[in-house]
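Peer 1: Here it is, the structure, as structure tokens.
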């Protein structure tokens with residue numbers, strides 16, 4: 001079973017049974033394949049007699065998106081499992097535990113999180129997660145600080161950069177986030193109702209300049225090991241627990257890209273409240289919860305990142321007076337820009353979000369799309385002037401006034 | 001002879017004789033070891049009967065600097081030979097031809113350039129090189145453009161970044177250029193006569209902030225494949241020919257670092273004219289030649305870089321209106337900063353330059369050191385406001401008024 005081939009359910013069970021210290025040797029094991037089959041096989045293996053369960057995630061050598069299939073390296077399974085293990089070493093409570101990574105099979109055996117829900121789904125259902133801002137702020141602070149030149153020996157960091165060179169997955173981001181949405185590309189999926197607003201995006205030179213600058217940062221700025229795809233569909237959540245999953249896009253990039261992914265997806269849900277909230281009062285209230293979560297996330301992140309810097313910085317020059325403030329302000333500015341870029345691509349790009357697309361009231365959906373585009377483009381154009389997280393919240397609030 | 005060991009002269013001759021198409025099988029060959037023995041063995045192998053000759057350069061597994069010896073990876077020989085071959089593919093006339101790279105021996109067989117002189121030596125002797133600005137401007141434009149995301153497929157570029165991860169050599173730069181000179185480090189070599197000026201550098205918080213920002217760019221900005229050590233001691237020259245050698249510090253970094261290395265070393269010679277020029281008129285004249293060379297180099301570089309961008313850019317987003325101007329201005333600003341950083345470290349850091357240090361008139365040497373420090377620190381502090389190469393020349397001229 002060591003040469004690569006997609007596992008059958010029987011093989012997945014057989015593999016799981018041979019793992020040490022997980023299941024009883026003689027137990028009956030049950031497998032359910034719960035992946036969407038587009039990128040990975042995901043087997044949920046459980047032992048009914050004890051209630052124990054694990055996940056086997058196996059990369060497939062191709063990706064299927066909207067019917068098309070293209071080859072995709074199995075090396076992303078290594079990148080994902082190594083990123084998970086680094087994240088686990090830094091925030092053990094915030095990622096699934098990796099039991100085993102099996103390179104020949106592109107297979108990762110990890111903790112089952114079936115008791116959690118995908119955060120995007122939870123938000124669509126109107127749930128609130130009061131611990132999330134603290135959890136994700138800490139996740140961002142620790143994973144970004146300790147993989148950067150600030151918190152990691154600079155020579156070790158370079159070896160990490162090498163291990164996380166991730167051309168194929170980065171190309172998806174470069175095209176779908178930083179290129180296609182700004183031109184009439186066949187990869188776009190333009191909702192007919194907002195054709196006018198999308199046309200304005202395609203014709204906005206000031207916007208394109210900022211996107212080009214953000215794209216350059218994505219291409220060249222090896223600041224920290226990013227998750228690389230940190231939207232609310234990559235977060236498993238409960239009232240008490242937050243688990244960040246699926247870091248197959250991990251690579252060394254600009255820190256603001258991860259923070260912006262979180263904010264963008266909270267703001268897409270903010271826009272989608274046009275359709276989800278029952279009335280104006282509850283809409284205002286849920287939106288205030290979402291912007292409050294953004295504020296708390298940034299503030300928790302910033303406080304913890306500065307604390308780590310002061311207590312555990314490894315670079316003498318990084319203790320230069322004024323440098324930390326300069327760095328945090330640049331990081332905030334990047335966060336504004338990447339938040340905007342991650343929003344715009346979800347309105348009329350190839351891959352969109354259920355927050356907006358599962359709205360059944362067409363008028364509400366259109367309003368949500370226009371709000372998301374407006375917030376996204378405003379953040380992108382404003383990014384290099386940003387000086388406070390409150391400005392991001394003001395921009396969002398203003399778009400729904 | 002395939003396992004690594006430092007070659008003897010007899011072995012070097014034997015190795016050269018077996019290379020195809022270089023020497024006659026029966027000829028007498030003569031070897032001279034012409035390296036300084038600190039980092040590499042360099043054998044000059046010649047065939048007196050024909051006048052043919054080649055260079056065998058072999059990396060040693062250690063570095064010796066001011067008496068100390070520390071281990072150094074042989075992988076730098078691979079990096080050097082691969083960088084040379086990439087540069088040769090882009091500007092065949094501006095680097096030595098590589099005949100063979102032999103990984104097991106960390107050995108590169110390359111074109112003999114004994115008919116050239118080291119440019120630092122040539123400038124100290126008062127020679128002028130009217131073609132240099134055109135040559136080096138083209139070298140910089142082609143090597144930086146075609147290895148960046150502007151001129152190279154972005155996925156191929158990422159594989160290049162991986163091949164040129166160069167932790168040990170980068171660490172030398174990070175310490176000796178971006179750290180030690182700004183604090184009372186034992187690695188410094190402070191000339192007693194300028195102890196006051198060096199003390200001012202150590203106490204200048206505004207300066208340190210800019211150096212910290214430049215250091216971050218060196219650590220994180222993977223813009224292009226740099227030569228990494230492009231001072232006038234890495235350039236062989238004649239009136240007609242320019243050959244850039246020794247790219248063992250090559251890695252993916254900020255473009256301005258290479259351009260700044262050239263300018264810094266021209267300006268160190270500019271400062272050293274305190275001692276080299278016979279009188280005030282010839283001093284003014286040679287300095288005008290040096291600043292003219294900087295102006296022409298930048299202008300040639302910028303014109304050619306923009307031409308390549310317009311004609312051969314591979315990235316749709318890079319053709320966004322305004323982006324090229326933004327990019328070139330940022331690049332100019334980086335160039336100011338790195339020029340300054342490369343000057344300061346040569347005044348009181350570990351490794352200094354013969355332009356200044358071989359002056360025998362102590363008063364002239366002191367004046368040269370103070371001028372170099374003044375230009376260097378001013379450029380560093382001004383870097384983020386720079387908008388024209390003329391400002392760099394004004395800063396230099398003002399320091400000697």
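One is the number of the first residue shown, and numbering goes on along the chain from there.
Each Cβ is built from the backbone N, Cα and C atoms, and glycine gets one as well.
Not measured: the values here are computed from a predicted model.
Pulled these from TrEMBL:
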{"type": "BINDING", "residues": "A:40, A:57, A:246, A:247, A:248", "note": "ATP binding site"}
{"type": "BINDING", "residues": "A:229, A:345", "note": "substrate binding site"}
{"type": "DOMAIN", "residues": "A:34-266", "note": "domain 'Aminoglycoside phosphotransferase'"}
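How about a rundown of where these features are and what they're close to?
Peer 2: If you take the C-beta of residue A:247 (ATP binding site) and look for same-chain residues 6 or more apart in sequence within under 8 angstroms, you find A:79, A:80, A:83, A:84, A:87, A:227, A:228, A:229, A:234. Residue A:247 (ATP binding site) falls outside any helix or strand according to DSSP and counts as coil.
In the predicted model, the domain 'Aminoglycoside phosphotransferase' (A:34-266) has a mean pLDDT of 95.
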Peer 1: Over all pairs within A:40, A:57, A:246, A:247, A:248, the annotated ATP binders, what is the largest Cα to Cα distance, rounded to whole Å?
Peer 2: 13
Peer 1: If you measure residue A:246 (ATP binding site) to residue A:345 (substrate binding site) at Cα, how many Å is it?
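Peer 2: One finds 20 Å between the Cα atoms of these residues.
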Peer 1: Using Cα coordinates, what distance in whole Å links residue A:40 (ATP binding site) and residue A:345 (substrate binding site)?
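Peer 2: With the alpha carbons as reference points, the distance is 23 Å.
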Peer 1: Whole-number answer please: how many Å between the C-alpha atoms of residue A:248 (ATP binding site) and residue A:345 (substrate binding site)?
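Peer 2: For residue A:248 (ATP binding site) versus residue A:345 (substrate binding site), the Cα atoms are 19 Å apart.
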Peer 1: State the count of C-beta atoms found within 10 angstroms of the C-beta of residue A:229 (substrate binding site), not counting that atom itself.
Peer 2: 20
Peer 1: Highest Cβ count within 10 Å among the binding-site residues A:246, A:248: which residue is it?
Peer 2: A:248
Peer 1: Per DSSP, to which secondary structure element type does residue A:345 (substrate binding site) belong, with helix, strand and coil as the options?
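Peer 2: Reduced to three states, the DSSP call for residue A:345 (substrate binding site) is helix.
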Peer 1: Measuring Cα to Cα, how many angstrom lie between residue A:57 (ATP binding site) and residue A:345 (substrate binding site)?
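Peer 2: Residue A:57 (ATP binding site) to residue A:345 (substrate binding site), Cα-Cα distance: 28 Å.
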Peer 1: Counting across all protein chains shown, how many other Cβ atoms sit within 10 Å of the Cβ of residue A:345 (substrate binding site)?
Peer 2: 25
